[in-house]
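To keep things clear, I will list the structure first and then write my remarks on it.
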Amino acid sequence: VKMPNATVTVSEFVLHCAIEKDKMTFTIVALAFIYLVTLCGNLLVIVVIILNPHLQSPMFFYIGTLAAIDVVNNSNLIPRMLAILAFNANTVPYGPCLLQLSVVYHFGVAETLLLCVMACDRYVAVVYPLRYPSIVTNKTVCFSIFLVNVIAAAILTPYMVFATELSFCHTNILPYCFCDFVTMVHISCTEDPRHLTLLSTTTIITGVGGLVIILFSYSRIVVAALKISSADGKKKVFSTLLTHLLVVCLFYLPLMISYILPGVGVRLSAEAYNVLVIIAIMVPPMMNPIIYSFRNKEIKGSIYRLWTRKRTTPDSH
């Protein structure tokens with residue numbers, strides 16, 4: 001009779017960032033820079049949208065929601081990573097580890113779905129400009145944002161159920177800089193193919209499915225843009241599309257590589273996985289305000305007016 005492995009109760013995990021010593025300082029500085037730019041850029045976008053009634057319209061509701069997700073995502077990961085790298089504070093209690101995992105998955109899926117919704121929004125705005133105000137209303141936007149979070153929570157639920165079912169026999173060391181479902185499965189002694197099957201299925205549905213929706217929307221926008229007689233109009237549309245596609249590629253490709261490959265049995269090195277996660281999860285939130293907001297005339301104008309008003313206020317007293 002085959003005896004089962006003796007399981008142990010895990011009260012905490014040890015996170016081991018696989019960063020070489022000669023790259024440690026650069027990694028710390030890079031992460032601190034990414035976090036600072038992410039916070040300043042996205043919080044500025046949120047404040048400007050809240051303070052300016054003219055920006056409280058469908059497109060800017062989406063941009064504000066994306067900014068909020070980006071702040072939560074990077075705040076969930078980067079401070080912990082900096083503590084590990086700079087101060088060797090690499091132990092995480094079981095509960096906070098599951099919380100970090102749930103935030104990563106929920107808002108990762110939510111951002112994926114939101115990018116799809118925003119692509120569809122731009123598709124309607126370019127292809128059906130006269131019908132856009134009646135199709136995309138504030139009520140529609142609020143419902144779509146609510147639906148995005150409901151779907152993300154529904155996808156997250158089985159992950160959390162499986163994560164609480166895992167048992168550990170030999171180690172509580174996670175070889176990456178944050179708590180992750182894949183690594184928890186790999187170090188557990190719970191042999192259940194449902195875990196990685198779930199990972200592959202949800203990644204393909206949300207990742208590949210979302211990418212197909214985005215590419216379809218953008219292809220339709222290209223077709224509509226080619227019919228524009230104005231050269232400046234075409235240039236503006238294509239410039240916007242290229243920058244949006246850059247962010248989409250930075251978000252989707254590393255994320256799909258890092259989650260689909262483990263699902264089919266291919267293990268990445270810890271350093272490669274950390275690099276992919278930084279590119280997929282942390283770089284887009286830093287770039288999104290530039291791509292989606294600071295290139296927008298209304299937001300740039302609102303920031304300028306807010307800045308000039310703040311500078312002239314003391315002189316008025």
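Including glycine, each Cβ sits where the backbone N, Cα and C put it.
Please treat TrEMBL annotations as automatic predictions, because they have not gone through curation.
Now, the feature entries from TrEMBL:
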{"type": "TRANSMEM", "residues": "28-52", "note": "transmembrane segment"}
{"type": "DOMAIN", "residues": "41-292", "note": "domain 'G-protein coupled receptors family 1 profile'"}
{"type": "TRANSMEM", "residues": "98-120", "note": "transmembrane segment"}
{"type": "TRANSMEM", "residues": "141-162", "note": "transmembrane segment"}
{"type": "TRANSMEM", "residues": "204-226", "note": "transmembrane segment"}
{"type": "TRANSMEM", "residues": "238-261", "note": "transmembrane segment"}
{"type": "TRANSMEM", "residues": "273-294", "note": "transmembrane segment"}
Can you name the far-off residues of the same chain, 6+ from the ends of the transmembrane segment (141-162), with a Cβ under 8 Å from a Cβ of it?
58, 61-62, 65, 98, 101-102, 105-107, 109-110, 113-114, 117, 181, 192, 194-195, 198, 202, 206
Find the average pLDDT over the domain 'G-protein coupled receptors family 1 profile' (41-292) in the predicted model and report it.
85
Among 28-52, 98-120, 273-294, stretch most in contact with the transmembrane segment (204-226) (C-beta, under 8 angstroms)
98-120
